[in-house]
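To start, the structure itself, in structure tokens.
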Amino acid sequence: MGYFFVYALLAFFCLGGLYRPYIGVLGYYVFVLLQPEWNWRWSIPQGSGFQKYIAIAAVVGFVLHFFPGNRIRRTPLWACVALTVFLGLAYLSSIWSINPSLSQWYLGNIWKIVLLALLTVRVFDSSGKILALIWSTVLAQSYNAFQINLQYFQEGYSYAAKYGWGTSGDNNLYSILTVPMIGLTAALATESRVWWQKGIAGVILILQIHQIMLMESRGCMLGTLVMMALAGWWMRKDSMNLIAAALVVLAGIVLAGPPVIEEFTSAFEAGDNLDASAESRFKLWKAGLAITQDYPLLGVGPYAGSNLVPSYYEGGLEGSNKALHNLFFEISTGCGVPAMLCYCFFFVAIWWSLWRLWRRSRRQLPDWARIASLGVMVGLPGYWVSSMFSSGALLETSYLCAAMGGATLLVVYRDAARQQQSSVMAMSSYFVPLATGSPQPVPETTEESQPTPPLLGEKHP
């Protein structure tokens, strides 16, 4: 059944992408998170490249339909420009790479991720499309969360913590892939007004949080704690949400257990009590900072900074290659400080604009925009914290989260402009021209006929 399900889904997303490009982009992210080559590995050939075919269909459909979607402007425009400049600087840096083969492998992956992120900002131009993207990707990831939990309860140990899960890498990389999705799930659980949707999202959220515990990734545990704190601070404070939040906290405490608590707290021990893994992270960061200071402009080549780590590591390291285990130093040592700043700007600019929108107009935002905004506002900080301990630059979910935030801003901007235009037209209806041409006010109006305030708190002209 898995074989037929996967190929039927592939056909749907490829054909749908040709007809409606957003379906192809949505399908690309669904396959990234569903990981069919892993979950149905007994019937699906390895290296099938499903995402490649779906992405090609989406791009072809985008061109055939003459580039439909949002008019990219304001903050999302500058964010997209920054991400494009980051990619250009990465290619420029690769010319002088100290490890050309490693840099070419990195670029061969990152350009596709950037392209799909830019396409996401463009083609998700309605509330329905954005909600479909959120629900589809959350459900796709939840299948893996369910399988990881199921294996643990059936066999009494976490296979994923020891051997990794899926095709994204070890336990740390898979956990980073999951973290932004936990933010989106938390937003669905707190901001959806339909009780059964809140219930489904709440169950998925518990599975995802326990999954992070089972993966034993301390950085992602810390990132998840940050996300849950932010979600609790920003969520709608009604009785249902407060009860649900209390249940999630209780479930987290019960499911954590002594092994998880011991693993998490070991990262904060001092002196001789600090375990080797945590101590090595700090030394790797020092090495990354030193490499960045020596090669600030273009780095030493994308993903090639790891080749210099053994010689910069305090006390030295055996071997010729050691990963930096830090997103920001991986980019700064490989592509240079300007590239790292452009990369960060893509995420921070969108996050900041959504936060300003939330602070100013959250009571006026429709439910879909509250869900999308809160998901991005929570998910991206979780990603940043988690990636302090292991880099997720080649994992798609952070780009998905930020790009969806950019699309949300564009749809809100457009709807606000239309609302303001409607308000101006409604105001003009208060006056009727007489024969003399001088406008006179209509004597009576009803409350319903009053113009609606603009969504973003803008004043009428």
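Sequential numbering from 1, following the chain as shown.
Cβ atoms here come from the backbone N, Cα and C positions, even for glycine.
According to TrEMBL, the transmembrane segment annotation covers 7-30 (among others). For the transmembrane segment (7-30), same-chain residues at least 6 beyond its ends with a Cβ under 8 Å from one of its own Cβ atoms are 36, 50-51, 53-55, 57-62, 64-65, 68-69, 116, 119-120, 123-125, 129, 132-133, 136-137, 140, 396-397, 400.
Feature annotation from TrEMBL assigns transmembrane segment to 50-67 (among others).
Beyond the ends of the transmembrane segment (79-98), by six or more residues, the same chain brings 72, 104, 106-107, 110-111, 114, 117-118, 121, 298-302, 304, 307-308, 334-336, 338-339, 342-343, 345-347, 349-350, 402, 406 to within a C-beta distance below 8 angstroms of the stretch. Here TrEMBL flags 79-98 (among others) as transmembrane segment.
Residues or ranges marked as transmembrane segment in TrEMBL: 104-124 (among others).
Counting same-chain residues at least six beyond the ends of the transmembrane segment (131-153), those with a Cβ under 8 angstroms from any Cβ of the stretch are 22, 25-26, 29-31, 33-35, 39, 120, 124, 159-160, 165-166, 178, 181, 184-185, 187-188, 201, 204, 207-208, 210-211, 214-215, 368, 371-372, 375, 397, 400, 404. According to TrEMBL, the transmembrane segment annotation covers 131-153 (among others).
Annotation comment: TrEMBL describes 173-190 (among others) as transmembrane segment.
For the domain 'O-antigen ligase-related' (205-344), the model's average pLDDT works out to 84. Annotated domain 'O-antigen ligase-related' per TrEMBL: 205-344, in sequence order.
The annotation transmembrane segment is assigned in TrEMBL to 242-261 (among others).
As annotated by TrEMBL, transmembrane segment applies to 331-355 (among others).
Within the chain carrying the transmembrane segment (367-385), a Cβ under 8 angstroms from the stretch's Cβ atoms is held by residues 127-128, 130-131, 134, 176, 179-184, 186-188, 190-193, 219, 222-224, 226-227, 230-231, 234-236, 327, 347, 350-351, 354-355, 357-358, 392, 397-398, 401-402, 404-405, 408, 411-412, all 6 or more beyond its ends. Taken from TrEMBL, the feature transmembrane segment covers 367-385 (among others).
What TrEMBL records for 397-413 (among others) is transmembrane segment.
Under the heading region 'Disordered', TrEMBL lists 437-461.
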Same-chain residues near the transmembrane segment (397-413), Cβ under 8 Å, at least 6 residues beyond its ends | 29, 32-33, 70-76, 79-80, 113-114, 116-118, 120-122, 124-127, 130, 133-134, 137, 177-181, 183-184, 346-347, 350-351, 353-354, 357, 365, 369, 372-373, 375-376, 379-380, 383, 387, 455-456
Grouping DSSP H, G, I as helix and E, B as strand, the residues of the domain 'O-antigen ligase-related' (205-344) number 104 helix, 0 strand, 36 coil
